[in-house]
Amino acid sequence: MQPSALLLLGPTASGKTASALALARVLPIEIVSVDSALVYRDMDIGTAKPTAAERAACPHHLVDIVSPEESYSAAHFRRDALRLIGEIHARGRIPLLAGGTMLYFKALRDGLSDLPAADADLRADIDAAAARLGWPALHAQLAQIDPDAAARLDSADAQRIQRALEIVRLTGRPLAESYARREAAALPFRMLPIALVPSDRAVLHARIEQRFDQMLAAGLIDELRALRARYTLDATLPSMRCVGYRQVWEYLDGGDDYDTMRFKGIAATRQLAKRQLTWQRQFRDSWPGLVELDCLRPDLTNAVNTAAARLLTRSRHAAH
C-alpha cells in the first residue's frame, strides 16, 4: 500500500502553525517545514519560528538547519524532504508538510527542471546594470521579456530577478517553459493537500499588520543587530532578503526611519501573501483532490483535522 503525506499550505498569517499543532494532537504526525526562512538558525522572531514548547510537542524537521551565511535552495528542500518523508513513514508515522514557500511544494510535486548553471559573465553584466539602474528597473526589463515570471517576483528581490533574467537570456525561453522541461520521477507516496485561503483579504492584511507589530515589539530589530554581530552577513544574502529582515536592515543602515521601516515591512509581507495566493490559485487548477479551507473561519483547526482525516481515509480506501 502506498503511504500518504499530508500537505498544509497557506499564505503568511493564515494559521498554518496552529493548525499543524492541532493536527499533531490527534494524529501521529511529524512536521516537515516548507518554509525558506525557517531553515536559518538564530532567525526566530522575524520568521515566526515555532517556539521551543511547540517544537517539543511534535517533531519538527527542516527548522534551524543552516547558517544565515548559507543558501538553501528548492533542490536542497526536495532532496531533504524526500529523505525525511521516507524516514517518517519507516517510523510508522504520517509526514505533514506545512508552510508557505510554494516553490518548494511545486518542486516536491513536479520535480526540478534542468536549468542552466550560473553564468559568471552574464551575472556580472546583470549586477552592473542593477548598480546603475536599480533592481526595480531590471524587474521592469524582465516584465517585458517574460511578464509571467515578473508577476511572481517582488521588484526588489535581487536574487530571484537576477536568476530569472539569467535563465531567460541563456535559454531564450520564458521561465515557465524552462521549468516545464523537468524529469519528475513518480513519488513513492500520495500527496494529500489542504490549502488555507482567506475569504476576506482585508482581514488577512490586518492580521499581517498586527503580526509585524508583534515581531517589532518582541525584539526583531535587536535580533538582526545580534545576527549582524555574530555572522558575516550582507544585504544580498538569501537570509537577509527575507521579508522583515530586509526592511530592518535598511533601517539599521540609516536608510529609513522607524515608521518607514514598519510601513515597508507590512507592505512587503502583504505582497508576499499576494504572491503565495497566486501560487495557490494555480495549484487549485492543477492539483486534483486539493481541499481549500477558509483560514478565517473560527473553527479552522477542527476543519483542518476533519479534512485531514477524510483525505487519509479516502487514500487508504483507494489503495485497496
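Backbone N, Cα and C atoms are what each Cβ position is placed from, and that goes for glycine too.
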Given ranges 35-38, 51-54, 107-110, the stretch to which Swiss-Prot attaches the annotation region 'Interaction with substrate tRNA' | 35-38
Rounded Cα-Cα span from Thr101 (site 'Interaction with substrate tRNA') to Gly10 (ATP binding site), Å | 9
So how many other Cβ atoms are close to Lys16 (ATP binding site), meaning within 10 Å of its Cβ?
-> 26
So Thr12 (ATP binding site), by the Cβ count within 10 Å over all chains shown, scores 20
Among the binding-site residues listed here (Pro11, Lys16, Thr17), which has the Cα closest to the Cα of Thr101 (site 'Interaction with substrate tRNA')?
-> Pro11
Helix, strand or coil at Gly15 (ATP binding site) [DSSP, three-state] = coil
How many other Cβ atoms are found within 10 Å of the Cβ atom of Arg123 (site 'Interaction with substrate tRNA'), counting all protein chains shown?
-> 14
So which residues does the region 'Interaction with substrate tRNA' (241-246) touch in its own chain, when a touch means Cβ under 8 Å and the partner is 6 or more beyond its ends?
-> 12, 36-37, 40, 43, 46-47, 156-159, 212, 215, 220, 224, 235, 265, 268-269, 272
